[in-house]
Amino acid sequence: MAWTRFQVFLALLMVFTGSINTISTKWADTIKSVGRDGELKNFDHPFFQASTMFLGELMCLVLFKTLYIIYSRRADGTEDVSELTKGNRNFNPLILYIPAICDMTATSIMYIGLNLTFASSFQMFRGSVIVFVGLLSVAFLNRNLERREWSGIGFVIIGLAVVGVADFVSQNGEQQHNKNDVITGDMLIVIAQIIQAVQMVVEEKFVRGENIPSLQAVGWEGLFGFVTLALLQIPFYFIHAVPPLTQRSGDRLEDAIDALVQMGNSIPLFFAILGTIISIAFFNFAGISVTKEMSATTRMVLDSVRTIVIWVFSLAFFGQAFHWLQLFGFVLLITGMCLYNGITFTSTYGYLNAVFARRSRRDNLEESIINTNAEETEP
């Protein structure tokens, strides 16, 4: 079946907002602005940026409540059949707290890593979550992976190794970070994927059976993550850290006041942070809608497309040098993801055959109806 206009819109919205989210976050890292100490410096506030991401997720809860109120006022049961609001709404939100904490920890670590490495590498290394989800599923969910899935994991591991080598041998056009910084950033992103894999396994074991509306689940996790991380930034203010957690040895682990001052002193920085907040909200909405309207596999494919967009943007605007190894690594990653998710040449060929067969039957039916009507109107 061909995609409807609404499905095409959702796909484009997911790719666009997902790309904007990573690009705007990396853009903020490269902007220099005057801080509270009167010094012109880079915006190095990963925990503050993670808070803005959770603020964007919190907007999903606002959207869910708004849609539910609108549907309820219709008094026709729309709230129970709409893909965005149907499901179990009578649950204990605290069951989402542990996944939210995992998400908070992983996101904070990833943003530290993003500040040290390339935006394209950041997006590619996020694909390593497949490896850890697969292994943890075997260990804690008693799942038996098929040979195809093990092959996919193998391809992903090799692809990640190739991307890591590409980062090590390539030259950074901006010379903002040395090779040690880049490799450290890559490793931090991989570590964050282990934590996110734990989050996904916990959600599958304890949350999936609750049948919680996806938009509401994302919103609650955003609320828990935002409140917890906002409170943690109070003790973070009094902790002095060293690189790579901070730009210089002795800087505060996080200084939210300094972040706000820098945003106030730079209009581009303000819009970069605003772009992170808005894009993550729309990205979650579009991602959930794509899964509902089409499939989780389609969502994975679209996520791969935004990796290409981010990579091209990094080459054009973030001073990243092209290296063929990264292209090769990306191909291996996509191959591994496709194998793990069951997207093979055979399945794709079968799907296309089914689509063309349905379209042919529909066209024949329409032609038969037209001929029948024509015969009935003849004198």
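Any Cβ shown, glycine's included, is placed from N, Cα and C.
So that you can see what the record holds, here are the features copied from TrEMBL:
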- 1-22: signal peptide (SIGNAL)
- 46-64: transmembrane segment (TRANSMEM)
- 94-112: transmembrane segment (TRANSMEM)
- 124-141: transmembrane segment (TRANSMEM)
- 153-170: transmembrane segment (TRANSMEM)
- 182-202: transmembrane segment (TRANSMEM)
- 223-242: transmembrane segment (TRANSMEM)
- 267-288: transmembrane segment (TRANSMEM)
- 300-322: transmembrane segment (TRANSMEM)
- 328-352: transmembrane segment (TRANSMEM)
Of the listed stretches 46-64, 124-141, 182-202, 223-242, 300-322, the one with the highest count of C-beta pairs below 8 angstroms to the transmembrane segment (267-288) is 46-64
Among 124-141, 153-170, 182-202, 223-242, 300-322, the most Cβ pairs under 8 Å with the transmembrane segment (94-112) come from 182-202
Q) Counting only pairs at least 6 apart in sequence, do the transmembrane segment (223-242) and the transmembrane segment (46-64) share 3+ Cβ pairs under 8 Å? A) yes
